[in-house]
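Colleague: First the structure, which I've put down as structure tokens, then a few questions once you've had a look.
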Amino acid sequence: MDDLIHFLFGIFGNLTALFLFLAPLITFKRIIKSKSTEQFSGIPYIMTLLNCLLSAWYGLPFVSPHNLLVSTINGTGAAIESIYVILFIIYAKPQKVRVKMLALFTLILTVFAIVVLVSLFALHGNSRKLFCGFAATIFSICMYASPLSIVRLVIKTKSVEFMPFFLSLFVFLCGTSWFIYGLLGRDPFVAVPNGFGCGLGALQLILYAIYRKNKGDKSEPKSSDTKDNSNGIEFEKFQQGKQTNSTYPIEQDGQV
């Protein structure tokens, strides 16, 4: 019975994480139409891609037994995030932004390659799981933490204009489902980062409840907040989510 419940939470986590990974489609439709990344930040996509790669690797049977659902959703997320990153690089303006994104893209692929090679040839058994688990956990927490700027913006402006309700809801549901999945599977590398994501999602929902009447407020933010606002719009992603060893975020996506 416990195995069935564990499996069902994994399936639910896959579904909610997929929603978070697909959330940026609206943003990229705008980018492609305008042929410019405007003021959007590409860093959340880079962080979510690295998280997905590491979490997908961690979930493989020869690294971490009984976590295949972690690997499937993060493998899917890695493919989706790769497309986002490539599109961002193509349409990035000015040139220095494109160069920065290319450098970061190369860096995360290098980090992932190092983790893979070390875990394959230098580590075995439980030491391999610990090494890959710590790597996935660290970057999953970084991914979940990336939307904190939008939380600060909501508190500062007392408006939820840049924090869509359903994205906040799915961050909470995704983090919660993978947190429980990790607890049931007695896997701290899944439970800890997604517990953080669950708490962040809950905070967003609380802020939404407090400031929901200010949604759509047309008052202009201070000029000093311009960058924060762009990050807020970007939050449509998660993450992304993100998403699983999980999971996003949102815009991020995920560890799940």
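Sequential numbering from 1, following the chain as shown.
Cβ atoms here come from the backbone N, Cα and C positions, even for glycine.
On a predicted model such as this, the values are computed, not experimentally measured, just so you know.
According to TrEMBL:
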- 216-239: compositional bias 'Basic and acidic residues' (COMPBIAS)
- 240-256: compositional bias 'Polar residues' (COMPBIAS)
- 216-256: region 'Disordered' (REGION)
- 6-28: transmembrane segment (TRANSMEM)
- 40-60: transmembrane segment (TRANSMEM)
- 72-90: transmembrane segment (TRANSMEM)
- 102-122: transmembrane segment (TRANSMEM)
- 134-155: transmembrane segment (TRANSMEM)
- 162-184: transmembrane segment (TRANSMEM)
- 190-211: transmembrane segment (TRANSMEM)
Colleague: Short question: most Cβ pairs under 8 Å with the transmembrane segment (6-28), which of 40-60, 72-90, 102-122, 162-184, 190-211?
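Modeller: Counting Cβ pairs under 8 Å, the winner is 162-184.
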Colleague: Should anything in the same chain at least six residues away from the transmembrane segment (102-122) have a Cβ under 8 Å from its Cβ atoms, list it; otherwise answer none.
Modeller: 42-43, 46, 49-50, 53-54, 57, 63, 85, 89, 128, 131-132, 135
